[in-house]
Amino acid sequence: MDPIQLLFYVNGQKVVEKNVDPEMMLLPYLRKNLRLTGTKYGCGGGGCGACTVMISRYNPSTKAIRHHPVNACLTPICSLHGTAVTTVEGLGNTRTRLHPIQERIAKCHGTQCGFCTPGMVMSMYALLRNHPEPTLDQLTDALGGNLCRCTGYRPIIDACKTFCKASACCQSKENGVCCLDQEINGLAESQEEDKTSPELFSEEEFLPLDPTQELIFPPELMRIAEKQPPKTRVFYGERVTWISPVTLKELVEAKFKYPQAPIVMGYTSVGPEVKFKGVFHPIIISPDRIEELGVISQARDGLTLGAGLSLDQVKDILADIVQKLPEEKTQTYRALLKHLRTLAGSQIRNMASLGGHIVSRHLDSDLNPLLAVGNCTLNLLSKDGERRIPLSEEFLRKCPEADLKPQEVLVSVNIPWSRKWEFVSAFRQAQRQQNALAIVNSGMRVLFREGGGVIEELSILYGGVGSTIISAKNSCQRLIGRPWNEGMLDTRCRLVLDEVTLAASAPGGKVEFKRTLIISFLFKFYLEVSQGLKREDPGHSPSLAGNHESALDDLHSKHPWRTLTHQNVDPAQLPQDPIGRPIMHLSGIKHATGEAIYCDDMPAVDRELFLTFVTSSRAHAKIVSIDLSEALSLPGVVDIITADHLQEANTFGTETFLATDEVHCVGHLVCAVIADSETRAKQAAKQVKVVYQDLAPLILTIEEAIQHKSFFKSERKLECGNVDEAFKIVDQILEGEIHIGGQEHFYMETQSMLVVPKGEDGEIDIYVSTQFPKYIQDIVAATLKLSANKVMCHVRRVGGAFGGKVGKTSILAAITAFAASKHGRAVRCILERGEDMLITGGRHPYLGKYKAGFMNEGRILALDVEHYCNGGCSLDESLWVIEMGLLKLDNAYKFPNLRCRGWACRTNLPSNTALRGFGFPQAGLVTEACITEVAIKCGLSPEQVRTINMYKHVDTTHYKQEFSAKALSECWRECMAKCSYFERKAAIGKFNAENSWKKRGMAVIPLKFPVGIGSVAMGQAAALVHIYLDGSALVSHGGIEMGQGVHTKMIQVVSRELRMPMSSVHLRGTSTETVPNTNASGGSVVADLNGLAVKDACQTLLKRLEPIISKNPQGTWKDWAQTAFDQSISLSAVGYFRGYESNIDWEKGEGHPFEYFVFGAACSEVEINCLTGDHKNIRTNIVMDVGHSINPALDIGQVEGAFIQGMGLYTIEELSYSPQGTLYSRGPNQYKIPAICDIPTEMHISFLPPSEHSNTLYSSKGLGESGVFLGCSVFFAIHDAVKAARQERGISGPWKLNSPLTPEKIRMACEDKFTKMIPRDEPGSYVPCNIPV
């Protein structure tokens, strides 16, 4: 029998597969089989949106075509029969034409590293196919499933808003106030200079959107769907069989034959279990276009929805119904809609089915508690006939008598209409407001006797608080017949707490927070129902106390918008001179079309191998044995490399590559498996058997390291003035400490490399995503015992780095190169997201202890500080992080008597490393926490204490470097003015007085960010410029393009210096072959240093060619180049910059480590929900001193992207470790970086007028890192809001808020009767699920 063919279309091209592997996902099929590499791998679990494509399906019954976005990483190709797939390549390209969304996202500066851009483009494209003029709500909803680590989202929204109606407006007009009016939050801006600069792009130049020019749905697929009789398709793979029934009868027969086989529609539940949990299903049943599974019908008893409907379709259906029917009939539907709007991203909602969501019964399911309290029923079918069962707590607990039978199929769900005097509410709390699994969720329903007030039925279910969804049915039963009033509230809360219990060591942790949410939700339910009763019967229903009403309102929610005040080019500047102009990232269009090539986009090399790692499952253990036999016996496995193979090459400097006798962290590299495919390598890695013997001590936290004196090297120390004497003369002394959690880099492109032996003289080429090609060259040369001139490292671009692609990348590259050299074959190594997060480490967790002596007016005269960073198991950059922390801890303040000491702690965690800001975001937060506490003690605002202690005019730092603080004062004054500080502070006070359960807070933070490497040698740079005879130029330099736009700026430099159009200048990438002996790209100086080298090369060429140019001033570069060639004058030049003068003597505690300082200030206003811990950033103003901006568009992108990354660090990004040292948060489903829902509603960025700095490139300043710290303005604004909540509740005295300020910490700091009501567990009496490190 001939195998059944799989037929679908990709970008209008027919695809026919005869031998389909059911385990093949669409993403690898597109990338490897079809070589469409524009669709990116970001996480593999549907959490980041990098792999978004559009699927189009034709329904022959309705004659309609449905377009929707999906995650290609979770889409089996077997599910695509009869569909049309559109990828980013299908929209347009640079060779033919661009689609308007591709053009606009690039020209609106919505790309930086560009790795997320194709996914963003496809999400927006799918929206435009359905809604050519979308609303802003539709826009933000469409992009809710896409993550970006670089831009801060705002320019992406700007690009997409150009498709909306009235795209120039924020669409948030309220009380007559709009973003286009120069009034903000009702407070008029009074200053003349607050008028914003012209936009960084011109909408008038954009291509129009013409829906008639889109790809048509393939007519062949329409004909097949309408004319060919449907029949079950079966695809057989090596391990898995895929069955696609096309009628309900065939589906029932398949389920009868294979009762244990899962029925999948979107693969969003089964897929992650298969990929991440190792679940195996030999048979998969996937229904295709079965009409009964898509039924939508209304009857007297309610609404019936087919189990095969996607969650997005359910959302649209319910939204339509609630608009048409009275509220009393649609209580359950409104509650479901509330959760559907935040559940996952658009891609997952379009893939996941209603039936799959119900049957999977995840403990944190958002819909199941609501469906259960709404008395929904499930319509089942099997060979034995139809059956109807309630969607009850017993069903959700999988009780056999209430569950589906293995051979039964869920056909549809009946959702009853609600009745008069019936109220249904939905609650959830997550780490992030959208596209995040709930920490706790709940569905609650109450029915009153006629007339209201007395409970007739009550149902309360919770998710996230147990191994299954839990019902408080006993509590509900005891409350039936009782009146609904506030007097009973405490009784209800205690009853529920007694019934819905959580063990102190419960999975997921956050136990006290979850207990508090259980009763906080119950309180909100009481308020919502009371409000509903009052609407029904104003005279006889309980009235809400005025201070309770705020608990019912959502947090501040408007559409995001921004204003920019950037530097404008001097009118006298030549029009062709690009310096200072907002020029688009020169790879922006290629990012948007998918044509930009990243490391793993490179075509496979002949006989290429794939390498993957086996990592330790223990944090500190002796390796007793390693059994490789079973793994080596698997087909396709070529070799397994251990430390024994590397021998003395297993170390380089302080780093060891593969474990020898011991492992020192979970994620320690044990061995490397090499096979002929990625799949086979990963299968073999699972078969490597390692036996461990645990060792003591196990040190995970900073406190444990201090206890065991486990430090790298000795302390670092700086001191100025006489601290001990100053403490004797101050009015007050306080001591405190703050813990700052670590942060994952979460670059969108994971660690990637391809090593290709050249087959001659031992030469080897390394194509790698790194910030430091020279270091990889050195480490590989040492490993292979080659001279460096035979090892060439090439980097075209990097899909995000932030400091995370230096040390560990080099180790991975050395091992991969060893494998390639040993076997004489190319070897590719691409880490999966979970592997990357487990192995690589991130920002150092930090502990700051401070003792401050100050006068009553707030002036700090003495400060004694101790800093500790959690370095992990190897030194890496930990000592440098401590050094930078100590040098920069003063931030914007003059402390006349300061002693600071720091230690890098050795622990059994993966080695932590550099991350944007490099110690300053942690050290600065310690200082600002101290300032804030001093303010509280003095009864002053933190802004007053900051002003009193701020550097003024020309001053010296605690390490005796002189600088001028004039720009710092300007930034502070301008920020205070632009944010209307005093007016808004008063408005916040009024808001807080009127709202008991919502509070607002505001904070203004100054910034003095030193820029420099600390060493002349580490600051040197080189460049190479060629001029060709056609008048074009090629430039090479040592900097790495990782999203910051350094290549664009270098071409701007060449254009200015050679007076050559930018279109005539090209830059291919970075290579140790063209520019040797480069330094790492980082520290905000990449454009500074390399730009000065490029400038030097250009000036050398100009000087050399000056006689020729002067003789023919009207000539072109083609003329001048030809003349030079004819005269045997070289048209190539090397440029060099030796580095800024930089030094620091740690023995003397003085030096000049930094070339200059970036100054700035940020004001943020937030709103918090005291019951749940949610927060919303309402508005942020940022003022920066940038010198002379080389490219305002790129510089604003750096400031804004860094701010959002810093905001994530200080609020929602939380690493979670087990007490045994295992990292739990290994992907976007567990680790939450900011998404579109998290950005400030208003963002106002201003640059000071240009200022001169003679030593830097065109008086510019590096802005890559400084903005991260300004994110702490959100942290301290939340602190201010929490303080207001505590003061209202009469809670005095100090309290400690550590970073990140997650919903858990916010909620638990807002102490109230509910936090006092929950049971508390004695520390030390239990083993927690997770620990802070």
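Cβ coordinates are placed from backbone N, Cα and C, and glycine is handled just like the others.
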Among Ala344, Ala372, Ala402, which residue does Swiss-Prot name as a further FAD binder in the site formed by Ile263, Val264, Met265, Gly266, Tyr267, Thr268, Ser269, Val270, Ser353, His357, Asp366, Leu410?
-> Ala344
Per Swiss-Prot: Mo-molybdopterin is bound by Gln112, Cys150, Ala801, Phe802, Gly1083, Ser1084, Val1085, Val1086, Gln1198, Leu1263, and from Met753, Met1042, Met1308 the site also lists Met1042
Please report how many Å separate the Cα atom of Cys48 ([2Fe-2S] cluster 1 binding site) from that of Glu1265 (active site, proton acceptor), as a whole number.
-> 24
From the binding-site residues Cys43, Cys73, Ile263, His357, Leu410, pick the residue whose C-alpha lies nearest to the C-alpha of Cys113 ([2Fe-2S] cluster 2 binding site).
-> Cys43
Other than its own, how many Cβ atoms are within 10 Å of the Cβ belonging to Ser269 (FAD binding site)?
-> 21
Please classify the secondary structure at Cys73 ([2Fe-2S] cluster 1 binding site) using three-state DSSP.
-> helix
What three-state class does DSSP give Leu410 (FAD binding site)?
-> strand
CB neighbours of Met265 (FAD binding site) within 10 A?
-> 23
In the domain '2Fe-2S ferredoxin-type' (4-91), how many residues does DSSP assign to helix, to strand and to coil?
-> 18 helix, 31 strand, 39 coil
Tell me, in order along the sequence, which recorded positions from Cys43, Cys51, Ala344, Leu410, Glu1265 have their CA within 10 Å of Cys116 ([2Fe-2S] cluster 2 binding site).
-> Cys51
Which of the three DSSP states, helix, strand or coil, fits Cys148 ([2Fe-2S] cluster 2 binding site)?
-> coil
For Ile263 (FAD binding site): DSSP state (helix, strand, coil) = strand
About how far apart, in whole Å, are the alpha carbons (Cα) of Cys148 ([2Fe-2S] cluster 2 binding site) and Cys43 ([2Fe-2S] cluster 1 binding site)?
-> 13
How many whole Å apart are the CA atoms of Met265 (FAD binding site) and Cys51 ([2Fe-2S] cluster 1 binding site)?
-> 19
